[in-house]
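What follows is a single structure, written as C-alpha cells, with notes after it.
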Amino acid sequence: MSERKLFTSESVSEGHPDKIADQISDAILDAVLVQDPDAHVAAETAVYTGSVHVFGEISTTAYVDINRVVRDTIAEIGYTDTAYGFSAETVGVHPSLVEQSPDIAQGVNEALEVRGHHEQDDLDLIGAGDQGLMFGFAVDETPELMPLPISLAHRLVRKLAELRKSGEIAYLRPDAKSQVTVEYDENDKPVRVDTVVISTQHDPEATNEQIHRDVIEKVIKAVIPAEYLDAKTKYLINPTGRFVIGGPQGDSGLTGRKIIVDTYGGYARHGGGAFSGKDATKVDRSASYAARYIAKNIVAAGLAKKAEVQLAYAIGVAQPVSVRVDTFGTALVAESKLEQAVRQIFDLRPAGIIKMLDLKRPIYRQTAAYGHVGRTDIDLPWEKLDKVEELKKAVQA
C-alpha cells in the first residue's frame, strides 16, 4: 500500500490582531519612504481593545502624521464600527518613536568592507543592519511555485475579505483564520484536500447554519479546485460555535507574530526574523525576499523541483557570510554548481539586493496581509522570473 502524508498550513485575514499590527507598521514605513527613500525604519505596533501603540526607531528627514496613518489603515481593513470594540475613529493612538542607535547606524551606513579604504564600490557602502539567517523557498506544486497548503489558506481568507467588503456576505466581520490540510502521495505530490478549517468573525444575528452554508459554497468551493475536494474532505467552520467578539477586542496583536503565515506555512525553514515595519537595510526582510527570488528562478528554470536558499549575514558587513542551496535531491545539476551560479548572478550585499529588487519604494503595506511571497494578486519584484535564462547558462558553463 502506498504511503500518503498530510501537511497543514494556516493563514489569517487582514483583520486578525497581529495582521492589523503588521499593516500599521508597514503603512508607516511606506509613508516615510514616500518622502525619504533612504530612511531607516523599525516600526513596531501593539493593538488591543481601544488602543494602538506604535514604537521603535526611525532615522529620517520625513514628517509623517502617525495618528492619521494608523486610523486610515484600520479603516481600510474594515474596523469602522464601534460595535466591533475597535474602531478607526475612536481608537487611542500612542506613538513612541526614537532615532536609530548611532552604534547600529555606524555599521549600516559604512560597511566593514569600506572602512579605512579610499577606493570603494558603492554597493559595499551599506552593511547588514543585523546578523542573522534568512530562507527563501520555491516548489513546483502551484503556478506561483508555492506549497499548496499555504497557497490555499491565503486564498480562503482573502476571499472572505472580498465577500465582506463587497457586501455579498454582509454579516462578516474583519477577523478570520483558515487552515488547510493537504494529502500528499508517495512522490510528494499533492493529491487532495483532507481538511479545511475556517473561523470567521460575524454579526451576532448570523446563524451557524447560514455561516456554514455560505463559507462552503461561496468561499471554499469558489477557491479550492474541485479536483482536490471529495466526499471525505472534512469542513470545520467556526468550530467553537460562535465568533462575535474578535479582532483586538478578543486578542491583543503585535507586529511580527505571524512569520510562518507570512512565508511558506511551515513547509520550509524560517530564520526567525519578522518583516513588517523594517526598511530594506534590515536583511531580515530584504535578504528573505532575495532568497525567495533566487529559489523561484531556480525552480522556474527547471533546475530543481524544489529549492530552499539560505543566506546569512554579520551586522555591519556587506557580503553574506554564507550562501546555501538545498534542493532535497530534486536538482538536475550539483548543488555546488547552483550555489556558484547564485553568487555569480545575484548581488547579495544589502545595497545590491536593494538595487536589484528596487526596494526603496513604498510597496510594503500590500505585503502585510496574505503573504509576502507567492502573491498572484499584486506585482512584487522578488516574484519576477527574469533570471531563468542566466541560471540555465551559468550551470552549463
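From the backbone N, Cα and C atoms, a Cβ is placed for every residue, glycine too.
Swiss-Prot lists His16, Asp175, Ala176, Lys177, Arg242, Phe243, Asp251, Arg257, Lys258, Ala274, Lys278 with the feature ATP binding site, giving sequence analysis as the kind of evidence. The annotation Mg(2+) binding site is assigned in Swiss-Prot to Asp18 on the grounds of sequence analysis. Look at Swiss-Prot and you will find Glu44 tagged as K(+) binding site. Under the heading L-methionine binding site, Swiss-Prot lists Glu57, Gln100, Asp251, Lys282. Per Swiss-Prot, region 'Flexible loop' is recorded for 100-110.
Here the C-alpha separation of Lys258 (ATP binding site) and the residue listed as 'Mg(2+) binding site' works out to 7 Å.
Note: the Cα of Asp18 (Mg(2+) binding site) and the Cα of Asp251 (ATP binding site) are spaced 9 Å from each other.
The residue listed as 'Mg(2+) binding site' carries a helical DSSP state (H, G or I). The CA atom of Asp251 (ATP binding site) is located 17 Å away from the CA atom of Glu44 (K(+) binding site). If you measure from the Cα atom of Glu44 (K(+) binding site) to that of His16 (ATP binding site), you get 16 Å. If you draw a 10 Å sphere around the CB of Lys278 (ATP binding site), it holds 27 other CB atoms from the protein chains shown. The Cβ of Lys282 (L-methionine binding site) lies under 8 Å from the Cβ of Ala42, Gly129, Asp130, Gly273, each of these being in the same chain and 6 or more residues away along the sequence. According to its DSSP assignment, Lys278 (ATP binding site) is in a strand. The distance from the Cα of Lys278 (ATP binding site) to the Cα of Glu57 (L-methionine binding site) comes to 10 Å. Per-residue pLDDT, averaged over the region 'Flexible loop' (100-110), rounds to 57.
On a Cα basis, His16 (ATP binding site) lies 25 Å away from Glu57 (L-methionine binding site).
In sequence order, Asn208 constitute the residues six or more apart from Arg242 (ATP binding site) in its chain with CB-CB distances below 8 Å.
Between the two most distant C-alpha atoms of the annotated ATP binders (His16, Asp175, Ala176, Lys177, Arg242, Phe243, Asp251, Arg257, Lys258, Ala274, Lys278) there are 36 Å.
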